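The repeat 'TNFR-Cys' feature in TrEMBL is assigned to 50-104, 106-146. The domain 'TNFR-Cys' feature in TrEMBL is assigned to 50-104, 106-146. The disulfide bond annotation in TrEMBL covers C83-C96, C86-C104, C107-C122, C125-C138, C128-C146.
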Amino acid sequence: LCSLRQGPAWGSKDNCFSKLFTASGECCRACNLGEGVVQPCGVNQTVCEPCLDSVTYSDTVSATEPCKPCTQGDDPGGTCRECRVCEVGFGLMFPCKDSQDTVCEECPEGTFSSEANFVDPCLPCTTCEENEVLVRECTAVADAECR
């Protein structure tokens, strides 16, 4: 026989952090910072899921609040903002951080970026081997192709 230790979100009615209870009287789980409620408790326990980086956020511990969408530009609450995406032909120079947006650079000669995102730098172009023929030159938006 073993007993489970109950944390603050699962305690007795006196120690229930969320102050909400399931139909059976169990203390409702509160979602942590960075998580949002996808199904509030009722018959069943609260269902939480992580918020999506640079898309949604949660700055509260709650049994009722879903993740909130990030907004473009600085949020007065300092919670989050959407990171700039480096377009095709541009690569990551410096990543998005709390106080700085993504810094992109145009891919210099000999490098390329074929995907728009905020995580990948410009990649070096493929160099054909001696026994291969160059079919397509490398550009800022596409790698070289050899056969």
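Sequential numbering from 1, following the chain as shown.
The backbone N, Cα and C atoms fix where each Cβ goes, and this holds for glycine too.
Mapped onto this structure are the features recorded in TrEMBL.
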| residue | record | contacts (Cβ under 8 Å, 6+ apart) |
| --- | --- | --- |
| C86 | disulfide bond | L92, T102, C104, S113, A116, N117, F118, D120 |
| C107 | disulfide bond | G89, F90, G91, S113, C122, A140, V141 |
| C125 | disulfide bond | G110, T111, F112, C138, D143, A144 |
| C128 | disulfide bond | L134, A144, C146 |
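Secondary structure at C96 (disulfide bond), as computed by DSSP, is coil. Mean model confidence of the repeat 'TNFR-Cys' (50-104) amounts to 78 (pLDDT, 0 to 100 scale).
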